[in-house]
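Copied over from TrEMBL:
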| type | residues | note |
| --- | --- | --- |
| TRANSMEM | 12-32 | transmembrane segment |
| TRANSMEM | 38-60 | transmembrane segment |
| TRANSMEM | 67-89 | transmembrane segment |
| TRANSMEM | 157-175 | transmembrane segment |
| TRANSMEM | 209-230 | transmembrane segment |
| TRANSMEM | 236-264 | transmembrane segment |
| TRANSMEM | 276-298 | transmembrane segment |
| TRANSMEM | 304-329 | transmembrane segment |
Amino acid sequence: MALPAVPAPAAGLAGVRRLLLVLLILALLYTVALIKGLLIPLVLAAFIGLALNPLVAWAARHHVPRAASASLLVAMLVLASVLAIGGLMEPTLRWFHTLPAAIHSIAPHLRPMTRQLDAASRVTMSLMSPAGGREAIRHPAAAAISAWDLISAAPRIMATILTVLMLTVFFLGYGEQLLRRLIQNTPGFARQRDVVSVVRGIQAEISRYMLVTSMINFLLGLLTCGWLWLLHVPDAMLWGTVAMLANFIPYVGAVTTTVMLGLVGLINFDAMPMALLPALGFAVMTALEGNLLTPLIVGRKMRLSPIAILIWLLIWGWLWGIAGALLAVPMLTCLKLIAARVPGWRWFAIMVSH
């Protein structure tokens, strides 16, 4: 008499599924890092398109073809970027050349604060050095960016910029056609209606988030520029632009800009209270923006957990570098909005919510 088949234990199958899920995640991370040169322009163009989509949709309602309005908006964006880069190039290069001497000039301001740290460092080095601290410490030579490095990198940078611009125009001009094809290929009228509702809702929320976030960061950069101009800080527009771009990276961007403005204040002012005003004013503005303005305008639906933001920043900064850090929070916000509307993914939206 044959014995009945023994079913596989459920715990063993669950363990295999978890192992396969971990392997799948690792494979995805490796793939994302491997093809970052392809994915970064795609993601960046998608977010620029989502930010500009409300303007293109408004023009379409007034009988302006989407391709024409998209091309005009991208051309205006390119013109504004070229003018901004042209105006900021000279002060940026000047800061790069004068920064070592400027840091040396603020050493007297920092000496009272660093004296104890220097003493502790000397004691530590004397303990670690076999010669009792008499061995000279070798400092690595500062790496200088040569003109040839910039020239050799220029074609790749220009190709990436052109790719992003072309993709943005196509996303804005022809994205609606792709959506119609998706709806037409969905079987059943009820499912088509659900797809339209979900896609339109996600598109509207993401577009609103991108547009509002960009406007808030622009306002913060403008206020920072005005504050530094009132304090007679040189190159106020440069530091306002830095504040605007860095604010796309939550927490890290604000802290980095505050430290940079602290150094700028120490370089340009002799009196310590006056030297702290640039960083102090920016810290007040970014605190009001992060705790009052952004939650009031964006709303609680799009607020993210600080822990989730930091983990996400670490992951994408590790995978894609600076580009990943800039795109991390918009990607996390988009995933949260999508997960909140997909029944099987709502746990993710709850996990990353504030």
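Here, residue 1 is simply the first one shown, and the rest follow in order.
Including glycine, each Cβ sits where the backbone N, Cα and C put it.
Note: TrEMBL annotation is automatic and uncurated.
Just so it is clear, the model here is predicted, and its values are computed rather than measured.
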Sort out the residues at least 6 away from either end of the transmembrane segment (12-32), same chain, that have Cβ-Cβ distances under 8 Å to it, and list them.
39, 319
Can you tell me which of 157-175, 209-230, 304-329 gets the most C-beta pairs within less than 8 Å of the transmembrane segment (276-298)?
209-230
Relative to the transmembrane segment (209-230), which of 38-60, 157-175, 236-264, 304-329 accounts for the most Cβ pairs at distances under 8 Å?
236-264
Residues from the same chain, set at least six apart from the ends of the transmembrane segment (157-175), whose C-beta lies under 8 A from its own:
40-42, 44-46, 48-49, 52-53, 56, 66-67, 69-71, 73-74, 78
